[in-house]
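So the structure is just underneath, and the comments pick up after that.
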Amino acid sequence: MHCGLAAAVTPDRRAFVHDIVHCSGVLLARSTVYPAATNTTQEHGHTMAGRWVGMCKGLLFGLLFFLTAFFNTLVAGVPLFLVSVVSPSVGRRALDVFIGFWFVFCVALFELLLGIKIVIHGHPAPTTDSTLILCNHRTRLDWLFLMAYQLRCGSLSHYRISLKQSLKNLPVPGWGMQLAGYVFLQRDWSQDQQRITRSLQYFAQTRTRPQFLLFPEGTDLNPNGLVKSRAFAEKHGLPVYKHVLHPRTTGFVHFVKEMRKNKILDSILDLTVAYPRDVIQNEADLVLGRFPQEVHFLALRHPIADVPSSAERLEDWCRDLWRRKESTLEKFYNQDRTFSKNRLGPVVSPATEAWVRRVLWASVVFWLVFLAGVLNALVFLPPFRWYCVVCVVVLAVICKLLGGLDAVMFSASSRKRNHDK
């Protein structure tokens, strides 16, 4: 998932293939490493055997990721979708529980299977906060690694992401994203504005406290984005950045406005992500066995009372955050590659880390048993096979004719609200 506000929607086939790889993790694409992080991607293991082990781990990651997502959608997602049509609040809470626990499994896959270490510094928001998370977009996989941050310092059940519209139309991955209540944008502001508004109204109506991830840069750090960002900076007399792209503020301002209006915004979380050793750029890198050894986060909470209210001041406030991000990342990559130099210690205690490990292993046991059960049912129970076929057909029809599962849930919530008035 290339998860960024107003992320580029490109019509060419190459971009479409990247989107498919991005969501399923099973197709292959050429990996690219960009110089902005002053680092190079290295395959785990310097021997041929080490490279094969890494590739096997990556392929297993992609296979388990896709299969559990697919069957979770059919076994739990479809029934709970029907519940959400009848009772939007109950259905939303139930969907969040199942989706959130599957997110825990995703974290288990890249921490336990791939051995990726997560390091967090700073001042995170309380786990109960309804917050807007502003993050730099270093790679196409930032959204995935941020799940580990959410598990430790936020709420995976309330974790939401803004995506580009093309991802909504992908069979299987797109269905899960719609059930999760993600916001799909296509860089047509007349439509995107309405979608953001409608989505946030839905969360307010269902009494949900979303924690929205937003990438104001709009795309990951890549050569084309750097060229455009440099041109924009030179045209408007702004500093030229090396580690971030200049943020786009229109969508950010509207998110803040609507979340405030619906009383679902307690704070804004300024989150900076960095990769101290290995930098991978896309999903194919992960599947091919090339993954970072560590992912570092620096979290700084801003209570909403301290955030400007006018659109113009909000835009300046966001740009100032990005100036500080550039400075922070410059120091990170040019010095000891740690955020501890910011005089902010690690925020996850050993006790919390031990609890996280227990939760991760519990999720592994649950989802492997779940997967074994559904595969067994698929082979030996013809009614279950027919159930899966019917679900796939119904989901495809809803997405084609009714605008998607999210559109149906939003409409059901609005009708319920109007009926209760």
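First residue shown is number 1, and so on along the chain.
Note: Cβ is positioned from N, Cα and C throughout, glycine not excepted.
Taken from TrEMBL, the feature transmembrane segment covers 58-82, 94-114, 359-378, 384-412. Here TrEMBL flags 131-253 as domain 'Phospholipid/glycerol acyltransferase'.
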Next item on the list: Would you mind listing the long-range same-chain contacts of the transmembrane segment (359-378), meaning Cβ under 8 Å and 6+ residues beyond its ends?
Entry: 64, 67-68, 71-72, 75, 101-102, 104-105, 107-108, 111-112, 151, 384-385, 388
Checklist line | Non-local residues, at least 6 beyond the ends, that sit with Cβ under 8 Å of the transmembrane segment (384-412) | finding: 73-74, 78, 81, 84-86, 88, 91-92, 168-169, 171, 174-175, 178-179, 181-182, 184, 198-199, 201-202, 374, 377-378
Check: Quick one: DSSP breakdown of the domain 'Phospholipid/glycerol acyltransferase' (131-253) into helix, strand and coil?
Finding: 60 helix, 18 strand, 45 coil
Next item on the list: Find the average pLDDT over the domain 'Phospholipid/glycerol acyltransferase' (131-253) in the predicted model and report it.
Entry: 92
